[in-house]
Amino acid sequence: MSRKQLALFEPTLVVQALKEAVKKLNPQAQWRNPVMFIVWIGSLLTTCISIAMASGAMPGNALFSAAISGWLWVTVLFANFAEALAEGRSKAQANSLKGVKKTAFARKLREPKYGAAADKVPADQLRKGDIVLVEAGDIIPCDGEVIEGGASVDESAITGESAPVIRESGGDFASVTGGTRILSDWLVIECSVNPGETFLDRMIAMVEGAQRRKTPNEIALTILLIALTIVFLLATATLWPFSAWGGNAVSVTVLVALLVCLIPTTIGGLLSAIGVAGMSRMLGANVIATSGRAVEAAGDVDVLLLDKTGTITLGNRQASEFIPAQGVDEKTLADAAQLASLADETPEGRSIVILAKQRFNLRERDVQSLHATFVPFTAQSRMSGINIDNRMIRKGSVDAIRRHVEANGGHFPADVDQKVDQVARQGATPLVVVEGSRVLGVIALKDIVKGGIKERFAQLRKMGIKTVMITGDNRLTAAAIAAEAGVDDFLAEATPEAKLALIRQYQAEGRLVAMTGDGTNDAPALAQADVAVAMNSGTQAAKEAGNMVDLDSNPTKLIEVVHIGKQMLMTRGSLTTFSIANDVAKYFAIIPAAFAATYPQLNALNIMRLHSPDSAILSAVIFNALIIVFLIPLALKGVSYKPLTASAMLRRNLWIYGLGGLLVPFIGIKVIDLLLTVCGLV
């Protein structure tokens, strides 16, 4: 579930952004953006010149200088406004999160158990390791792990999802988040963070972006823009002696206007806004990124590790067939399978019970009346079952049952091996059922591949992204599902160590890897991956290891995360192309106007046939300011994104933003020149 999206130009945000734009006129704020700092200095210089001209202290056209000065200030203000609007949208999202963080008291237990004596303390004084009790109606005061109890928890304030979730001690559902509310029962929680370090605190700090650090690509682009600015600054400085030597020195106001129009002010004014907006779009998808670096890395990812269950398949495997071993009838197998599944509350376990009912009218037995001992599934044993009336029935993976049979002095039948292979080749998961040391047969669990997922993987392949399916299934089952889903590769019988080794292998090849995870056993791989999306429903260890948290706990979101990252990089690249292409058109407007009096041959460059030198220069400066405003929606929303190969994407962007960057200024400057002339302003 995504959060409610703010309108692009929300009136309250626009008003606040205008105020912030004025505040950002101070030198300290401007210094952070070297390109716009040059414009700020030019604005200050031309303001002083126009005042001197108006007072008679300097010769020249005071009105023209004042007009140039005014539009240079407007250019700075528009750049400030773009950044302030992006920050304002993020802060509005942060304010909604701050509403969750309430000052409250907590019941700090003196001993780590329910019923122990408790002290009432302010929630913001709780430290890592403190034990607290929360009951129905209470706000959970800190991030932590449930060490006792189980409760229904409303996490809508954090995730936006209205359905309550169960949090209980043990397993992967023991992690709780401060600011969420207990709906029923009680929990004893051990705080896992100190004040100011909670998940909610980190969300607010990230969203507000007050300490937002530039990403590597952003730093590289800033260095390029500074280099271009220095080149144009030196070029402009040398033009004054050339014009003076020709006998008609160009005014400082015109030189400043020329410099501002030539340096890449468009991308310089929008660069910060693009970065802030990228993180804001990620939050709009209900994904919290720890830094802009993580969002940027998502755009460079070329390997996706995707869990099979829930991402590639629907995740609710259903029993579809009972396949008895040689000498065993199907009803005997179904009866044993149903008994072994009576206490199994997983979707797979319930489907086995239902299939036995449907096929052989085997009604579900009363668990209490059986006087049986149920054996739960564990990651170590990889099987579950029941002990009843001297019968020991188990169901589980092929390898686990094989070890169990051999440990009990039995022999695993060759015909069952063949049946297991047959089930696996069909893309189903085989579960083997055994009674004592006698193998009864195989249950086929069919998992359904999601509709349209094959087409999405084909699009990712076009973009040069390799998809790898991660599954605990055996190789035959994994190969069948991988072929059906259209992934490029797969890792079968995956263990945490195997995932980690696979990530390191791809990284050694120079690739960037993205993955999702939710369990403590995923933490090492999440920490190693370049883009690691932890599920909000997962453990604290997983969330700390990842550099993003998906509030919806939807593994499929990884594809959307990559989409947003690539869109941010494309937006930055497209607007940089547009900005640099702009300079060519402005060159044709200003150079003839500024130097035609000294060098008449330059009139040949006046292909736009602008009204006069003054109108040409002023039109270029006005266009330079207005284009920033027109591009703000594109910077905030991102450019249109289509899954294409790198070369096709480059060609498309060069046509749209390169050619567009050349043509738009020619048209815009000419229109502004006509308006100035018609209105008699020049």
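Glycine too: its Cβ is placed from the backbone N, Cα and C atoms.
Nonlocal intrachain contacts for the transmembrane segment (34-54), taken as residues 6+ away from its ends with a CB within less than 8 angstroms of a stretch CB, comprise 25, 27, 60-62, 65-66, 68-69, 72-73, 75-76, 79, 222, 225-226, 229, 233, 252-253, 256-257, 259-260, 263-265, 268-269. Under the heading transmembrane segment, Swiss-Prot lists 34-54 (among others).
When Cβ-Cβ distances below 8 Å are used as the criterion, the transmembrane segment (62-82) is approached by residues 17-18, 20-22, 24-25, 29-30, 33, 36, 39-40, 42-43, 46-47, 49-50, 53-54, 251, 253, 256-257, 260, 265, 268-270, 272-273, 614, 617-618, 621-622, 624-626, 628-629, 632, 635 of the same chain, each at least six residues removed from its ends. As annotated by Swiss-Prot, transmembrane segment applies to 62-82 (among others), with the evidence given as sequence analysis.
What Swiss-Prot lists as transmembrane segment is 219-239 (among others).
Beyond the transmembrane segment (254-274), the same-chain residues lying 6 or more positions past its ends with a Cβ under 8 Å from any Cβ of the stretch are 33-36, 38-39, 42, 45-46, 68, 72, 75, 78-79, 82-83, 85-86, 218, 221-222, 225, 228-229, 232-233, 235-237, 239-240, 568, 571-572, 575-576, 578-580, 582-583, 586-587, 589-591, 594, 617-618, 620-621, 624, 627-628, 631-632, 635-636. Among the features that Swiss-Prot reports, transmembrane segment is placed at 254-274 (among others).
D307 (active site, 4-aspartylphosphate intermediate) falls within a strand segment according to DSSP. Around D307 (active site, 4-aspartylphosphate intermediate), taking its Cβ as the centre, 23 other Cβ atoms fall within 10 Å, counting all chains. The feature active site, 4-aspartylphosphate intermediate is assigned by Swiss-Prot to D307, with sequence analysis given as support.
Less than 8 angstroms from the CB of F377 (ATP binding site) sit D344, T346, M383, S384, G396, each of them six or more residues away in the same chain. Annotated ATP binding site per Swiss-Prot: D344, E348, F377, T378, A379, Q380, S381, R382, M383, S384, K395, in sequence order.
Residues annotated as Mg(2+) binding site in Swiss-Prot, with sequence analysis given as evidence: D518, D522. D518 (Mg(2+) binding site) counts 25 other C-beta atoms within 10 Å of its own C-beta, drawing on all protein chains shown.
Per Swiss-Prot, the feature transmembrane segment maps to 588-608 (among others).
Panel annotation: around the transmembrane segment (616-636), residues 8, 64, 67-68, 71-72, 74-75, 78-79, 81-82, 85-86, 89, 254, 257-258, 260-261, 265-266, 269-270, 273-274, 277, 280, 571, 575, 578, 582, 586, 589-590, 592-594, 606, 608, 610, 664-665, 668-670, 672-673, 676, 682 of the same chain, lying at least six beyond its termini, place a Cβ under 8 Å from a Cβ of the stretch. The annotation transmembrane segment is assigned in Swiss-Prot to 616-636 (among others).
For the transmembrane segment (656-676), the list of distant contacts is 574-575, 577-582, 584-586, 588-589, 608, 610-611, 615-616, 618-620, 622-623, 626-627, 682: same-chain residues at least six beyond its ends, Cβ to Cβ under 8 Å. Annotated transmembrane segment per Swiss-Prot: 656-676 (among others), in sequence order, evidence recorded as sequence analysis.
Secondary structure from DSSP puts D344 (ATP binding site) in coil. Taking the binding-site residues D344, D522 in turn, the residue surrounded by the fewest other Cβ atoms inside 10 Å of its Cβ turns out to be D344. Note on proximity: of the recorded positions D307, S381, K395, the one nearest D518 (Mg(2+) binding site) is D307, by Cα distance. The Cα of D307 (active site, 4-aspartylphosphate intermediate) lies closest to that of D522, out of the binding-site residues S381, K395, D522. Put simply, D522 (Mg(2+) binding site) is 26 Å from K395 (ATP binding site) when counted between their Cα atoms. Using a 10 Å Cβ-Cβ cutoff, K395 (ATP binding site) registers 28 neighbours.
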